[in-house]
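Student: Below are the features I grabbed from Swiss-Prot:
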COMPBIAS  135-144  compositional bias 'Basic and acidic residues'
COMPBIAS  162-182  compositional bias 'Basic and acidic residues'
CROSSLNK  K78  SUMO2 cross-link
MOD_RES   T131  phosphothreonine
MOD_RES   S147  phosphoserine
MOD_RES   S149  phosphoserine
MOD_RES   S168  phosphoserine
MOD_RES   S172  phosphoserine
REGION    126-182  region 'Disordered'
REGION    308-364  region 'Required for interaction with other NSL complex members'
REGION    453-492  region 'Disordered'
Amino acid sequence: MNRIRIHVLPTNRGRITPVPRSQEPLSCSFTHRPCSQPRLEGQEFCIKHILEDKNAPFKQCSYISTKNGKRCPSAAPKPEKKDGVSFCAEHARRNALALHAQMKKTNPGPVGETLLCQLSSYAKTELGSQTPESSRSEASRILDEDSWSDGEQEPITVDQTWRGDPDSEADSIDRDQEDPLKHAGVYTAEEVALIMREKLIRLQSLDIDQVKRLQHLLKEKKRRYLHNRKVEHEALGSSLLTGPEGLLARERENLKRLKCLRRYRQRYGVKALLHRQLKERRMLATDGAAQQAHTTRSSQRCLAFVDDVRCSNQSLPMTRHCLTHICQDTNRVLFKCCQGSEEVPCNKPVPVSLSEDPCCPLHFQLPPQMYKPEQVLSVPDDLEAGPMDLYLSAAELQPTESLPLEFSDDLDVVGDSMQCPPSPLLFDPSLTLEDHPVKEIAEGPVDILGQMQMAGDGCRSQGPRNSEKAPAPLSQSGIATANGKPEPTSVS
């Protein structure tokens with residue numbers, strides 16, 4: 001049997017063809033030190049070290065410096081002639097620029113003689129020597145030259161027209177009084193600083209006006225929004241918050257849809273807190289520290305309803321009720337309801353204080369009185385009924401310069417039955433007293449406290465006896481009263 005052998009050749013199906021990499025140019029083969037410059041095409045050295053290869057079609061540049069007389073060490077291509085001059089790339093460029101400048105200098109402008117030759121055709125000959133034919137031929141020649149000169153001119157294009165500012169003030173008559181160096185374009189450092197300062201001030205004023213305009217527009221739009229919102233709330237009523245009781249199926253569906261629209265794009269949880277903090281920071285950055293106490297919740301109102309009408313008072317911070325309806329909040333901590341009395345209950349909110357049972361001002365119980373006033377001493381009736389003529393006034397008790405302060409010994413303070421002892425001040429030592437005991441009493445030291453104590457004991461024990469015996473030794477001397485007049489004492 002003949003066997004058939006089938007050789008399957010490998011295919012490139014499913015294999016990624018390798019991308020041919022571009023060969024990097026080889027570096028220069030300079031032996032004295034490593035050079036990273038690429039080689040010239042077909043050579044082993046770069047353009048800087050190509051002179052190391054003697055067989056390379058390069059030679060040293062032919063430029064010789066006029067300052068130091070040295071020759072340029074750069075390489076230049078060999079010329080076709082053996083003794084030809086060849087320059088490197090840099091000196092060849094400089095040589096071309098010099099030739100171009102020299103050609104401009106050698107090409108002068110139009111000279112006066114050439115201009116006169118061009119205008120000689122317009123010169124008029126003498127009238128006597130001219131014939132009609134010559135004059136006619138001269139006129140036709142002038143017309144031909146004019147038509148030829150007109151035909152030589154090319155039509156003017158848009159690019160060839162004058163490009164100037166139509167509102168330019170260069171030719172204005174009103175600007176003659178300005179600075180002639182305004183359009184010079186050259187300024188000193190002080191002038192540049194002054195001009196830039198004026199421009200910045202003008203720009204700042206324009207920016208401030210623009211910001212004020214934007215603030216006005218923002219306030220106007222906010223006012224319109226609040227007005228439309230109020231009109232909408234008055235038209236819809238409080239049915240959005242009280243519930244769908246008493247509504248038709250279609251109205252309930254519309255109410256549900258409206259609530260969904262109101263909750264759309266509303267932030268909750270952490271996002272709401274972060275958004276509020278962002279607003280507060282923006283307000284502090286724009287309005288300053290004066291607006292720090294004003295928060296975004298200042299426009300929120302109380303959620304309580306009185307007779308199906310929502311309360312218009314502002315809610316307390318961090319709450320949803322005002323001060324009047326704070327008791328409706330089940331999560332309150334800083335307020336309690338007043339207990340009132342058993343007969344008349346009271347539900348007014350009262351802030352929690354140090355007391356355990358806070359009360360409103362109407363039901364507040366006063367604490368017991370800590371201070372007790374002293375008891376007034378009872379005055380006997382016989383003292384109250386005493387004659388008032390026996391008391392001296394304050395004016396009578398004041399001493400004068402001419403008369404000394406003296407008291408009467410018969411002055412009855414308590415009553416007729418009790419008289420005070422005589423005062424030692426009543427004795428005048430200047431008087432000539434014939435009675436030696438009285439004189440000794442007036443001149444000698446007197447124990448006032450001892451006499452008053454003895455007189456008091458005598459008044460308690462003897463009663464009216466002392467009142468009869470005490471003034472006896474003083475009967476012979478004159479006694480001055482409170483009025484300063486001496487009166488004789490009488491013994492009853």
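Glycine too: its Cβ is placed from the backbone N, Cα and C atoms.
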Student: Over the region 'Required for interaction with other NSL complex members' (308-364), what is the model's mean pLDDT?
Tutor: 84
Student: Would you mind splitting the region 'Required for interaction with other NSL complex members' (308-364) into helix, strand and coil residue counts from DSSP?
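Tutor: The breakdown for the region 'Required for interaction with other NSL complex members' (308-364) reads 6 helix, 10 strand, 41 coil.
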Student: Suppose we draw a 10 Å sphere around the Cβ of the residue listed as 'SUMO2 cross-link'. How many other Cβ atoms does it contain, all chains included?
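Tutor: Counting Cβ neighbours of the residue listed as 'SUMO2 cross-link' within 10 Å gives 13.
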